[in-house]
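Participant: The structure is given below, and queries will be raised subsequently.
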Amino acid sequence: MAKLILVTGLAILLNVQLGSSYQLMCYYTSWAKDRPIEGSFKPGNIDPCLCTHLIYAFAGMQNNEITYTHEQDLRDYEALNGLKDKNTELKTLLAIGGWKFGPAPFSAMVSTPQNRQIFIQSVIRFLRQYNFDGLNLDWQYPGSRGSPPKDKHLFSVLVKEMRKAFEEESVEKDIPRLLLTSTGAGIIDVIKSGYKIPELSQSLDYIQVMTYDLHDPKDGYTGENSPLYKSPYDIGKSADLNVDSIISYWKDHGAASEKLIVGFPAYGHTFILSDPSKTGIGAPTISTGPPGKYTDESGLLAYYEVCTFLNEGATEVWDAPQEVPYAYQGNEWVGYDNVRSFKLKAQWLKDNNLGGAVVWPLDMDDFSGSFCHQRHFPLTSTLKGDLNIHSASCKGPY
């Protein structure tokens, strides 16, 4: 019995010392600080012990060089990277791109070797100047949305050249190499058009897969934002609109499992029902739901706004085939994630030997704990616990 206790104690000690093999990456969006008071979220609100990587969204591009979007971003950079004083194991990445940024600046930049080198060298200078540990390329998307087919190849060329430049800079200056990651699409047709997966997997440190935004009001019927599995009603291409199918596609087409980071949304998509008596998956809809009080975006509610919707009397339903919830009240309907679905997805992630999770975005979790009455950052904290994320040197505020 004494030997068993000793062995168990050593195992626990080793686990604490070695830490988790999983990554927990968290996006911070620069516009979160501009929300009304209770929803305003600044870099100083971030628990430095919560995530392994913090990703600042977004930088811009001018004349093929990376640049900040607003002058306030520079103060944010300092505050975000200052969190590393409290957690020496924390890494910070700067994301460039995003949906609103569009593909055009990327297409122009990758079009010639000279433009690519201008961009790559500007990235190295910029990241070092502002104390970031790496880059997140968020090109949405190579080969889609007006980006020409040749960009599929040129994106791989860019990534390969950037990785080489990062390695050379590291050797030349005898400093840790900058990390290189990319956001990856979650729609199969977009993946096919945009990515040479084996080549990207070889050059990138991680691929953060957008396993969310899989259904929205443009569909004309209700659907989950980020279902783990397909619905019995999913046929044709709809059968691929789930986390399991998307990640399987990336793996089956050449991505290393340990480099795949699964997207976890801290928000839901909202719909207006055509008929309030029809509330299930696939029910007909007429438009996006009204904007949330704090996020102020039609068709979307932050997790903490979903909690308010539930607290005000909405009916919550567990969608068992897809392992995620939805809720409705009157003619309003929302598909989202909660602590239960995050736990199930975290276990699935571990069962599939994947690299970790990425939360989009941290500022839509219930960071204050005052809306959902669970705890601070209930969704992200669930992932931290279930993926065994910890830093022995970090002392957080919660």
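Yeah, the Cβs are placed from backbone N, Cα and C, and that goes for glycine too.
Take a look at what Swiss-Prot says about it:
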- His70, Glu71, Gly97, Gly98, Trp99, Lys100, Tyr141, Met210, Thr211, Tyr212, Asp213, Trp360: chitin binding site (BINDING)
- Cys26-Cys51: disulfide bond (DISULFID)
- Cys49-Cys394: disulfide bond (DISULFID)
- Cys307-Cys372: disulfide bond (DISULFID)
- 22-390: domain 'GH18' (DOMAIN)
- 1-21: signal peptide (SIGNAL)
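Are these features on the surface or tucked inside, and what are their neighbours?
Facilitator: With a 10 A radius on its CB, Trp99 (chitin binding site) counts 12 other CB atoms from all the protein chains. For the recorded site, Trp99 (chitin binding site), the DSSP three-state label reads coil.
Neighbour density for Cys51 (disulfide bond): within 10 A of its CB lie 30 other CB atoms from the protein chains shown.
Its Cβ placed at the centre, Cys49 (disulfide bond) has 20 other Cβ atoms within 10 Å.
Cβ environment of Cys307 (disulfide bond): Asp366, Phe371, Cys372, His373 lie under 8 Å away, each six or more residues apart in the same chain. Cys307 (disulfide bond) carries a helical DSSP state (H, G or I).
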Participant: Please work out the number of neighbouring Cβ atoms within 10 Å of the Cβ of Cys372 (disulfide bond), leaving out its own Cβ.
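Facilitator: Within a 10 Å radius of the Cβ of Cys372 (disulfide bond) lie 20 other Cβ atoms.
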Participant: Between the Cα atoms of Cys51 (disulfide bond) and Cys394 (disulfide bond), what distance do you get, rounded to the nearest Å?
Facilitator: 11
Participant: May I ask which of the disulfide-bonded residues Cys26, Cys49, Cys394 is closest to Asp213 (chitin binding site) if we compare their C-alpha atoms?
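Facilitator: Answer for the nearest of the disulfide-bonded residues: Cys26.
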Participant: Determine the minimum-neighbour residue: among Cys26, Gly97, Tyr141, Thr211, Asp213, listed as recorded positions, which Cβ has the fewest other Cβ atoms within 10 angstroms?
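Facilitator: Across Cys26, Gly97, Tyr141, Thr211, Asp213, these recorded positions, the one with fewest Cβ atoms within 10 Å is Asp213.
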